[in-house]
Amino acid sequence: MSDIEKGGSHEKETHVVTPPPPAYGVGVTEDLPQEDFMTRNGLNLNSFKPRRYHPGDGTVIERTLKSRHLHMIAIGGSIGAGFFVGSGKALHNGGPASLLIDFMIIGVMMFNVVYALGELAVMFPVTGGFYTYSTRFIDPSWGFAMGWNYVFQWAVVLPLELTVCGFTVGYWNQDINVAVWITIFLAAIIIVNVWGTLGYAEEEFWASAFKLAATVVFLIICLVMVLGGGPKGSRYDHYTGAQLWYNPGAFANGFRGFCSCFVTAAFAFSGTELVGLAAAEARNPVKSLPGAIKQVFWRITLFYILGLFFVGLLIPHDDDNLLGANPFINVNASPFVLVGKYANLTGFDSFMNVVILVSVLSLGVSCVYGGSRTLTALAQQGYAPKVFTYVDRSNRPLFSVLAIIAFGPLAYVNLAAAGPTVFDWLLSLSGLAALFTWGSICLSHIRFRKAWALKGHSLDEIPFQAAGGVLGSWLGLVLVVLVLIAQFYVAICPVSGGFNNVEGFFIQYLALPVVIVFWIGGFIWKRGKWLTVENIDVDTGRREHDWDTINAYKAQLAAWPAWRRWFHKLFI
């Protein structure tokens, strides 16, 4: 339970009418008839009929996610190709120390981002999540840019993940055209989304549980390999320890190599913020979100830090296999697969390949979920065509889902002769996009806290507070800026040496001009002005809490032994 769990059942929603645009409320509420099982789960034609369709009224999607769903989305929902496959190229470019340090820096950043997001989501649990906070606490034009940037990010990542799915299966059989597998996996993603929010939640729950179990198995095997417990005749049949950190070395390609690992780390962490987006569809986010936010710390520590630490101890950064056998992201270049190969563990490489396949497919489902919900929120606030406010009887934002899925067939373009070039451009669009979202979350939290104090409120009125407070959000924002600067340096001075041409620069840094274009578009469309702190509204649409129950629960926690309080603070 979270510190505010006891007060969750007494929450109230506030219907909001604020100066246009945007609206910050939780939407129109009305008693809807209970649908039958087939309709509720999208299994008949009746389910596609409108549940309610009043363009621009702030229609909300029904809240059906459970605590277990949010917890698993937090701990393993965004782990995909960036972590399992992209880490190989990052290891080759920067060495094990750069890989580990860069992921730790991004991990510290994400820790503060998700806690800031958790505080805002508990106070203002609105459909569209963090994007609406940029609109409300920073600037409507910037909120417009962040919303469309986030939709565009997931729309572009979907064909990338489908491509990786196809080549992942090719690990076992290369005789079948990759297009066949792309088609099969695109169909699978469509089928999962037929089930709406429930389909996404259940798929993420079981996929995340599988990834968590597989990673624990991988860590145990890696520990045995490092200690020299590998099969006789294998690379790991003797103690190696940190030998690879000395030869061929902990760092590669100097400062350029160090900076180049940031974009891989950012891509690997993309989707961590989905827990805040999903909170708007949770049955009781006040109860379940704080506990889910805490799981992010353990995901960062267990999956990313420990996993990549062992990878750096077992795979040398100058291993030619890390470059892959084809120009696409290639599972043959995954260090997680290579560990099984070099250890002569029959079947372990295939097992890790299955883990990669499940992870990539899971992230493909997340692409449709995250992109469609944000697109629906944009339409509700007048930032997108009204047709995307359509929510059908099975609780699906139908036209928004179809719009994101429509980008899936871009994966077939990668099969053409110019496929590698297209792939690079798509990757450049998605690699840095998340950084702008994370920085906006931190800045929204900073400005919310400042406006909160200015309006005479105290911190005691915030039931779930970010662990690092405002300082944590400042740290997260500063790290975002530093990572963007580091990637700008790499875009000019690539790892291979010399200086980039114009095409090479924009392949590395295309996300920035895209965000600027969206920002200008938002300003032209809405003519919004940068909000002063005095003009920030911290009361409209704010969730009301049962403070008697909350305070009683806090008193109960205070009576617990110190060890139990710390266990609760860290894990529950």
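Every residue gets a Cβ built from N, Cα and C, even glycine.
TrEMBL annotations: computationally assigned, not manually curated.
In TrEMBL this protein carries:
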- 1-29: region 'Disordered' (REGION)
- 1-15: compositional bias 'Basic and acidic residues' (COMPBIAS)
- 69-529: domain 'Amino acid permease/ SLC12A' (DOMAIN)
- 103-131: transmembrane segment (TRANSMEM)
- 151-172: transmembrane segment (TRANSMEM)
- 178-200: transmembrane segment (TRANSMEM)
- 212-230: transmembrane segment (TRANSMEM)
- 296-315: transmembrane segment (TRANSMEM)
- 351-371: transmembrane segment (TRANSMEM)
- 398-419: transmembrane segment (TRANSMEM)
- 425-446: transmembrane segment (TRANSMEM)
- 467-492: transmembrane segment (TRANSMEM)
- 504-525: transmembrane segment (TRANSMEM)
Contact check, the transmembrane segment (212-230) vs the transmembrane segment (398-419), 3+ Cβ pairs under 8 Å, seq sep 6+: no
Sequence-remote partners of the transmembrane segment (467-492) [C-beta within less than 8 Å, at least six residues beyond its ends]: 105-106, 108-113, 115-116, 256, 259-260, 262-263, 266, 432, 435-436, 438-439, 441-443, 445-446, 449-450, 499-500, 504-506, 508-509, 512
Mean of pLDDT values spanning the domain 'Amino acid permease/ SLC12A' (69-529): 85
